[in-house]
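Student: Once you've had a glance at the structure underneath, I'll fire off some questions.
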Amino acid sequence: MEHRELLAQAVKAAEMSYSKYSGFSVGAALLTAEGVIFKGCNIENASFSLTNCAERTAVFKAVSEGYTKFSAIAIAGSGDGDFSKPCYPCGACLQVLSEFCGDDLVIVLADGEYRLSDFLPKRFCEDSMK
Ligand code: THU
């Protein structure tokens, strides 16, 4: 799977965005170690704090279907249909991703490719509680 294609899938996923409050559509395309893609979008709520980001939607879909190893995630976000600017992942999504991915998870954005460790160099994890 080419990362450019994964980004195109993220833009496609944003079509399903339920974002009537912010007007900001986000899509994510999560690539599993097996080569399966799970798409997700942001899902907002009138009780704003219950909003679920696109990345977490994709992760929860994948994990609930038995996939827990991921190699890459593409993220695309836009308020006006122009997805050329990068949509950086929020801290909550990085933490959720880190539960299932190593530092080397590839994060594909409109301005290039990153690793999870670029955004979250240190993190709270299972070992933090030992
Ligand atoms: N959003 C995401 O879906 N992913 C992120 O990483 C950052 C923000 C969504 C949440 C909300 O629906 C909208 O973008 C504006 O914050």
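Quick reminder: no glycine exception, Cβ is built from N, Cα and C everywhere.
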Student: Pick the one from C53, C125 that TrEMBL also lists for the Zn(2+) site with C90, C93.
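Tutor: Given C90, C93 bind Zn(2+) in TrEMBL, the matching entry from C53, C125 is C53.
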Student: So around the Zn(2+) site, C53, C90, C93 aside, which residues have their CB within 8 A of the centroid of those CB atoms?
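Tutor: Counting only non-site residues, the set is A54, E55, R56, P89, G91, A92, L94, V96.
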Student: Reported as an integer number of Å, what is the Cα distance between E55 (active site, proton donor) and C90 (Zn(2+) binding site)?
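Tutor: So the alpha carbons of E55 (active site, proton donor) and C90 (Zn(2+) binding site) sit roughly 9 Å from each other.
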